[in-house]
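Trainee: My structure is below; once you've seen it, I'll send some questions.
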Amino acid sequence: MKRNPEDMRALKELCFLYLHKADYHKAIEYGERLFKIGYEKQDYKFGILYAHIGLGQAYIMLGDSTAINHLGQAKLLAESEKNDSALCSIYNGMGLYASNIHRDYYSALHYFFEGIEATHRCQYQELEAILLGNISSIYYLKDDPTGLTYSLQIYELGHQLNSAYLIFIRALNASYMYYLLHEYDKALPYIQEAEFIMKQNEYYNQGNVYAIYGMIEFAKGNREQAVEYYKKGLSLNDINQTSYKVLLLNEYAKALAEEGRNKEAIDLLFQALSFTKEENCEIHRNKVITTLSACYENMGQYVEALTWQRKLQQETDSIFNTDKEKVLSELRIKYDTEHQANEIKKGKLALLQKEKKEQALMGTLVIILLVVFALWYRYKRQNQLYTRIVCQHQEAIRKEQQLREVITSLRAQQESVSASSPMSEKYAASSLTNEKKNSLFQRLEKLMQEDAVYKENFLTKERVADLLGTNRTYLSQVINEQTQQNFTQYINNYRINEAIRLLSDPETDLPLKAVAAEVGFNSMSTFYKIFQNTVGVPPKQYRNKVMSMHKNA
């Protein structure tokens, strides 16, 4: 660079080197220099194209949504030039954007598999390994040990290519997959290798290594050692990626909660939530909310625990999307099929001429088996998804009932105390204080849970306001502030939960039309649509799955 500061290829290599080292500000510095020189020379095919790719990926890791503009420009240039090598990196970046910014793991996997197809067209083995590694990282983020296969595959490929970056990322992912499988003795050698490579190459994002170290030690019962790792990781927050800060704070909070230090844990968890919003990174947010709800439950604050549990359900509804699961299954089977075919081709190449007929028969058999397997696998995945949804809702019904019983008891005690100090129930003459807001919302919840007014078919906001002795404006304000929903969404949430309860009872044989009317819906089409969008399964299939599980119990 000293001899030729306008060497665009050197600038591109430096930009991508710092991306691998997780020094994203340095990557942006070289990416902007590459863009400036490319623009001056009107070099769209290389300079501007790879500047957009490098800048897009760097901005993604910093939580900057402008990254998608760079990747979009790069995609247009690469497609116009039919540059599959560049498309590999672009699809990789778009996958990272979907997972890091929007927590949309299904779209991320779709982009990564698109990138793998591009690597096959241009024979770009190293980037194929990076894409496969990012696929294993998605399974890491989903807490799904299925990704272990990809992690080990790329771990071996990283050693073959002598790539420290590939070995580091895949060793990190493999250690976490073994942690999920509770095979801690297998997890430790991988995390130790990841730490060694991290220090040797001065990688910036070191927090993830210490987070996984701590999680393994905590699972083995070594709480003090785990806390030391969490503190060590948090001391590096100036250079840590946002998702690693959030993970470290969440795991540290879990360790504090186990000691009964729930208030300290809650402070850490709110700090983690602020990171997810301020730095535009949704990764691990669901884990933080789950831990937060558990801490409030430990402290006996059941209303807060239930509120956060509902918030978690609202934020994760999109996870249980049947169509996305089906697409994901098809993409995974497609890749696995191609990978197996390539392995067979490599292993049998020397015998191809002598065993041509046998190869043809074997190929046909493999295709038939793969087709049968694909059909069976798709059916199994859908069946597992429906079963998982039903089980989760039945468990949620049980937990919510327990919480409601405790809340009812506490509410009765509170009402007996407040009866001796009467206060106005009307808010029309004065502004709502926080105390009055909480009181109004508690009475609203009681009206829903004990009097079940949501079952009225023509329930209006005016009707509920009259029952509570308040006005529409205050009612709307309290619902919005407490639940982040409008009046209709709030009422429909209760109706759907009641419908789930009815349909989860195998002894209930009410027709679906009667169920819809019973919980307050006037239209079957509205009931079907809201149930499907909320639960992820049509009501008829939900009931069928409940009956099937009951018969097999």
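Placement of Cβ uses the backbone N, Cα and C atoms for every residue, glycine included.
In TrEMBL, annotation is done automatically, which means it is predicted and not curated.
The repeat 'TPR' annotation in TrEMBL covers 207-240. Look at TrEMBL and you will find 360-379 tagged as transmembrane segment. Annotated domain 'HTH araC/xylS-type' per TrEMBL: 442-545, in sequence order.
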Trainee: Same-chain Cβ contacts of the repeat 'TPR' (207-240) under 8 Å, 6 or more residues past its ends?
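Mentor: Residues packing against the repeat 'TPR' (207-240) from afar: 22, 172, 175-176, 179, 182, 184, 187-188, 191, 194-195, 198, 247-249, 251-252, 254-255, 258-259.
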Trainee: With DSSP as the yardstick, break the repeat 'TPR' (207-240) down into helix, strand and coil residue counts.
Mentor: 25 helix, 0 strand, 9 coil
Trainee: How many of the residues that make up the domain 'HTH araC/xylS-type' (442-545) does DSSP mark as helix, as strand and as coil?
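Mentor: Helix, strand and coil residues of the domain 'HTH araC/xylS-type' (442-545) number 74 helix, 0 strand, 30 coil.
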